[in-house]
Amino acid sequence: MPPFRRMSLALCVPILCSFFLLMDCQEVSTFTMQYQILEEVQPGTVLGRLSEEIGRTEGSWGTFQLLQSSAVFPIQMDSRDGLLSTTGRLNREQLCHHRDPCVLSFSVLAAQYFTLIHVEIHVLDINDNGPRFPQVALELEISESVSLQTRIPLGRALDPDAGSNAFCSYFLSPSEHFALEVTAGSDGTQQAELVVIKEVDRELYSSFELVLTAVDHGVPPRSGTTVVTVHVLDSNDNSPTFAQGSVSVVIREDALPGTFLINLTATDPDQGPNGEIEYSFSKHVSEEVLRTFAVERHTGSVLLQQSLDYEKNSAYELEVQARDQGANSIPAHCKLFIRVLDVNDNTPDIQVTWAKQAAVLSEAQPQGSFVALVTAFDPDSGRNGQVDCYIRQGEEHFALKRFSPGSYMLLTNAPLDRESWTQHHLTLLVQDRGTPLLATTRHFTVHVSDVNDNMPYFETNHYHVSIAENSEPPSVLVMVRAQDADSGLNGKVVYRIPDPLILEWLAIDASTGEIRAHAAFDAEKITSLDFLVIAEDMGQPQLSANVSVTVTVLDVNDNSPVVIKPELEGGRASVTALVDPDTGHVLVPKEEGSSELAASLNAPLLLTILATDADSGLNGTLLYSILSGNEAGICVLDPQSGQLYLNGSNASSLLGREWDLVISVSDRGPVPLSTRFLVKITFKRHCERMPDSFPVSQPLSPSVVTGICLLGLLAISLVGLGLIMSLCKREKHGSMAYNCREAEQAYSQQQPKKPPKPIQKADIHVVPVLRQEDAQQPPAEIENPSEAAWLKALGVPCHMTPTLYRTLRNQRNSSSLAEQAPCYAQRFRSPSARDVQPTDKKLLDSIFWPKDHLSEKAKAGPEEAPSRQHILRSLVRLSLAALAEQGPGGQLAMESAPVQVRDFRTGIGWVVGKG
């Protein structure tokens, strides 16, 4: 990377100066970004990224907007992230002619972040230009009699650079006759003068050639030279002289051509031609000076030849010389410095850069929103160039906020409403502070764009329309109309009915709001339709309003009355009136629906006619009348209620007779509709009426139904409670009893499977087992010897406990057989009962019952003992049936372990197992 490129990047360090303008609805930030960059950098050099400087991430396209044209300086900006870079060569001398420092300024709008950025780019000078003299060669003339320390101005070199790069030092080639002195002018510039330090002799040196060098103070330094030729002329007695070596004058820039500036006068004491003086500009003045000023040849008056412009050139340096007409005339020189005085001759101007491409604002923008950048400028200097900007028209909606000299933000001062003002006229006034005061006025038109901020509204709050039933519906029942103050799609309204049930009857035109009926209405099915109509605009977001609509269906008398009571068969009905033959009174039910009769003393009610009409209003109001059959006037019919009465209280004379009454039921419509039917009334004796075998069923009252339900729930609860108690009791007994089948299955699962062994029924021995409490008692004495013999033979001690039992097998276990008496062991092999004799009953009782129980048995009586014995025998049979299976040889095969069977009432246990 080139050194100057590294230097430029190092100097591109922004200095951020920010302040905030607090508005009513939002905070508008204004930043001033300053960048420094060396001139003559390569195109594409990056200055900075605005999005990073303001602490934002990269936005979308158009986030950053350059408010000035980039054609005036070679700088470009990326609208997405605000990346600033150069597009061409930056030449400070071209961009900022005669201005130091060189600052390029422009503004950038970041509308998405409500930020206005004022960018200042300081272009730093590099020493890319050397000093240059106005003339490559300079010729001077002096007299050989010139006095020492005579000064001859040499002019100065010009360097377009700035700062130290433009500051020059002068050097003269070595000479014994001349020296160089540098003096400072009135404007601070340095002037080189040639000083005579030794007398010259024309006979020795007719001319001198010197080299004048100007060197600037840049790095690296640059220089420029010019050749100074000094011609030595023969001596002239006297030469013209100016009273002052340098003179300064001031002239207003509005001075007209021909204006007199100053009269320069030189004197010469000689007479004749040697004393006649002529004035002229020296040979090394610039062409611009020769065009702008003139010197009168004979008088030395300096005149203005053309108009001045302070903004282009504020000062001039002239060199006037005076020469006499004698031979070998030596000219005299005078420096004339002309300073142009600025006058307020330029009117200020305004430049408005809108936030968008055109002066269009959205009415949704809040108060304090940025509208445009207003730049006011005046090319004059001092107070003549200081400007102020004001709003002359439109200040009720807009305001100006100044953020830098001559730069303003145009902001909204109030909410905008397009429905009230579609456009606003804005007048800006800018004026300077000079004398006289100059001003400029600019007129602008700001258009307000619409947003969907108004919802549709209906002309009325409720629409009502009536239509007769059965009539052909008109093309349009009713038209609803809504308006929207917005414009475009925001103001376009469409209509709809949200209720799908209403859409079965009606339809609405979405564009016009016309409501139509699909078919004719029937007032008997529907009397009115109440629904909502919604009006929606097409904007975003979509806004809506609704209105209620009522369509009333007017009834038409299109339905005839229908008789409900009495029931008609073929248009006829029969009524029987029971008459008490003794009193002649007509018997009627005591209560409606009751079978119990009572005598009616006054105008008994024979019949109540009940009819309906589907129509409404007068079309559904019914009148009852007797058309014929009542010529004798025996009955009276109430036209309103339809109740038919007997015209009298004694009906004895009517017994056995019949009357046919033709009754009409009609409505009160414009064209009444009626229904006719015949009622046959028969008067019979009360005894002739067959009494009802059963009373007329009446519907149960709610209280009776409630009572029945409660009784049913109570019964169900009691049954359920009984079942639960029964199950609990059964489970309790089951936990005390021994389930033989479960014991057999448990033992079979724990023991390995063995083949069944055939056994005989005689192999089953029943051994008494005593309870624990019985075993702890001392053994009782055995009074019966035979019982003792049985116990001894069986090997059962009298103090036997529940664990002292065994089941012996006679054939398989000889060792076990040795423990038992053989004769007694064989008693139980045969299923016959021959060995058990009645005489042995006592002996058996001693075996099956313990002694203490035998005492209880004796106390219980002779009838209770056999019953208990029978129960125990049944238990043994059940146990054997559950545990034993018939083998193939007719023997019993038993696989389970010994099973204990206990009588829960007595505590006696029985062990049943293999021999």
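Heads up, the Cβ atoms here are built off N, Cα and C, so glycines get one too.
Annotated domain 'Cadherin' per TrEMBL: 29-133, 134-242, 243-350, 353-458, 459-563, 606-694, in sequence order. Per TrEMBL, signal peptide is recorded for 1-25. The transmembrane segment feature in TrEMBL is assigned to 704-728.
For the domain 'Cadherin' (29-133), the DSSP-based tally of helix, strand and coil residues reads 14 helix, 44 strand, 47 coil. For the domain 'Cadherin' (353-458), the DSSP-based tally of helix, strand and coil residues reads 4 helix, 56 strand, 46 coil. Remark: secondary structure over the domain 'Cadherin' (606-694) totals 7 helix, 42 strand, 40 coil, with classes taken from DSSP. Helix, strand and coil counts from DSSP across the domain 'Cadherin' (459-563) read 7 helix, 45 strand, 53 coil.
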